[in-house]
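Feature annotations, reproduced from Swiss-Prot:
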MOTIF     50-60  motif ''HIGH' region'
MOTIF     622-626  motif ''KMSKS' region'
BINDING   LYS625  ATP binding site
Amino acid sequence: MDQTTHDASAYDFTAAEARWQAAWEARNCFATADAPQGGRRKCYVLEMFPYPSGKIHMGHVRNYAIGDVIARARRAQGYDVLHPMGWDAFGLPAENAARERNVDPAKWTRDNIAAMKADLKRVGLSVDWSREFATCDPEYYGHQQKLFLDLWRAGLAYRRESAVNWDPVDMTVLANEQVIDGRGWKSGAPVEKRKLRQWFFRITDFAADLLAGLDTLENWPERVRTMQRNWIGRSEGAEFTIRLAAPCGGIESVPVYSTRPDTLFGMSFVALAPDHPLATAVAAANPEAAAFIAECQSAGTSEAAIEAAEKRGFDTGLRVVHPFDPSRTHPVWIANFVLMDYGTGAIFGCPAHDQRDLDFARKYGLDVTVVVAPKDDPGLAVGDVAFTGDGVIVNSGFLDGLDVAAAKSRAIAELESRGAGKGVVNWRLRDWGVSRQRAWGCPIPMIHCEVCGTVPVPEKDLPVRLPDDLPFDRPGNALDHHPSWKHVACPQCGAAAQRETDTFDTFVDSSWYFARFCAPHAPVPADPAATSHWMPVDHYIGGIEHAILHLLYARFFTRAMHRLGQVGVAEPFAGLFTQGMLTHESYRTEDGKWLYPEEVIRHADHATTLDGRKVIVGPIEKMSKSKRNTVDPSAVIARFGADTARWFVLSDNPPERDVEWTEAGAQGAFRYVQRLYRLARSVAADRADDVALERAEGEARKLRQATHRTIAAVTEAIDGFAFNVAIARLYELANAIAETEGRDAPGLPAARREAMSALIRLAAPIIPHVAEEANAQVSPEAGLVVNQPWPVAEPELLKRDSVTLAVQIMGKLRGTIELPPGADAETAIAAAMAEPRIAQLLEGATIVKRIHVPDRIVNFVVRP
């Protein structure tokens, strides 16, 4: 449905939305002080800031509409509200654009920001745009460089050699996830393993705190907390050395970590990570081992890739001596499923009690010895399924007869007494490598001098700015190819030196931006007074895909800044809300070409292209550019208005669930927006009477009760992020108002005006433009809706004049009765028996029992 201009009663959303957005901006309605002094409660609402790709999508609309509803409602409820917006502006897409299209990444980014900002403004967000910044602003990344130096001086940032995935064509380091089947995700070139000196943040210093802090985050989804607990990965076990039967390359023993020292007597083999020092020593003398290691390294190095890959191994020919029984030796294998950066990079395999070890042992014909048996099956034999449950230790010498927990303690004590090992707590979490060989990022403010070593850039020289003329005409890091930027004098001795040419991982940029928003123009990274007032963020809103990395890094950064005395809180986000995705059918032609929804005509039982060709309709799935099943918000807003888009993305499902975009749903939302405006015009045209609201009876009182119940219900629903429930209640109130149109009852005009005023203010956080337009019809003297207080329900009107009780006979519903709330059993039973249909059904029967559930049920148990 396109906007109807010939109907004088229709809401002209195009003109109205522009008019009210201009009014809000002119009056600075959403500006907030850095540290307000009014003593009011604060509410910091923040949606994860976007990457400036150039166009917003409907997922953005849903994400920012959720935050906007909360921000607008809290502002109306009397809170000081901070609701800022910025741009996560560094990253690979801008650099790719520079290389592929010969455009300046800064200009490309700024142009995209301008386009997306205009789009977001059209959505009508209650954002304090005076706080806007982009992470590529030198002022912002200069403060980030200052933070880095603070962390470096505190020992929380350091540089060391690290194995990396190197793309020889793009000449850059790739994350594990960017290695696909051993090749670079972009270049397709075979990836090489190299060792480079990289910068790291010592996040492991905070592992215990980060884990314990999750228990305090009661307003986070449990799913996210569980994901972070697993990522941090605390485990208790034993770290011990296993002696090689014969040294290899100067190595005499292998350190091993295990959470199951109780199963040591079930050891069948030792497995090494492909990049373990002993594996390297074996490969130096064994070409077959070297080839196997190269295969492992090219097959994908992410945990997901390793987990999915077939479990393979290489027998080194080495053997180790069992730590408890020197008469036993076991083979040493190199295995593709062992990770060097977890534990010690070596494991002992106990196939009977670990499924992965069992699969490996069966594949290569290795021993399987049961050492834990169920209490009721001491002779357990393991087939193709490992026994991983609790039980009694068997076939284990001095551990026999103990339960698993006691055996763990006894095994650790024995290792300690022999000087071979000890009990330890291990963490899956590893220090965060933040070096990236990319030019379009925040420069790391360090200088390398052959005389002084690595030294910091003096703070007076911050920010270290990116050059304006980055050379993207050759592979590799453009900063390496910019001699006048790269070559500098050492700030300590004056000798010739070189800048650090690595830039920060963009996750660093988003790990503290929420603190900067509190006072974005302050001369320090995080202003103490402002962060003291606003932090933590009360409502942080974004996708579940950020559950681990971004959210964990932000928690680390906040704790590090707290340790340094820069912020007063240890946790950045008191509340976290992860919204669902927007979904849509996908469409393609018979030759496999994907189509946009606007290129398809849906018929009753099939679909065609605009020129009549057959279209294959695919499943409803996440909107994606690759499948073209996206809906352009700009087109939706032009056709239906921003309020329709906002209403629809919040109305169909709970916001934590996915929502399917449908034409019918958009049409329904559009009709409601139009209806609200028409209702306002109708109420504005009512003739007043002399009956005060407080004395309203009959139909007027009934409408007042509906109004105040809606106020209570919508308030509760918005507090609980149940926007679809709030919208359902708003539909009901609109229906209640419409049902009274044209009726002449005492007090009804005032009750209708009260109801309409409440409906406008309750709907305003969701559909703010039409709310302002409707308010101008009904209550122009009240001023902007955005400045009006939230309606408050009157307790007296929440009480029901009557309740409906179900009347049952033998548990089957036979009728209903209306009674005053709280009617006693005698009254309820008498009323039920007086109901003609019930009396007829009871006639001739003997009532054995009368059951009364107050305000709910009357039930008669009878016999003929």
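Each Cβ is built from the backbone N, Cα and C atoms, and glycine gets one as well.
With DSSP states grouped into helix (H, G, I), strand (E, B) and coil, the motif ''KMSKS' region' (622-626) comes out at 0 helix, 1 strand, 4 coil. Taking DSSP states H, G and I as helix and E and B as strand, the motif ''HIGH' region' (50-60) has 3 helix, 0 strand, 8 coil. A mean pLDDT of 71 is what the model gives for the motif ''KMSKS' region' (622-626). Neighbour list (the residue listed as 'ATP binding site', Cβ cut-off 8 Å, at least 6 residues apart, same chain): empty.
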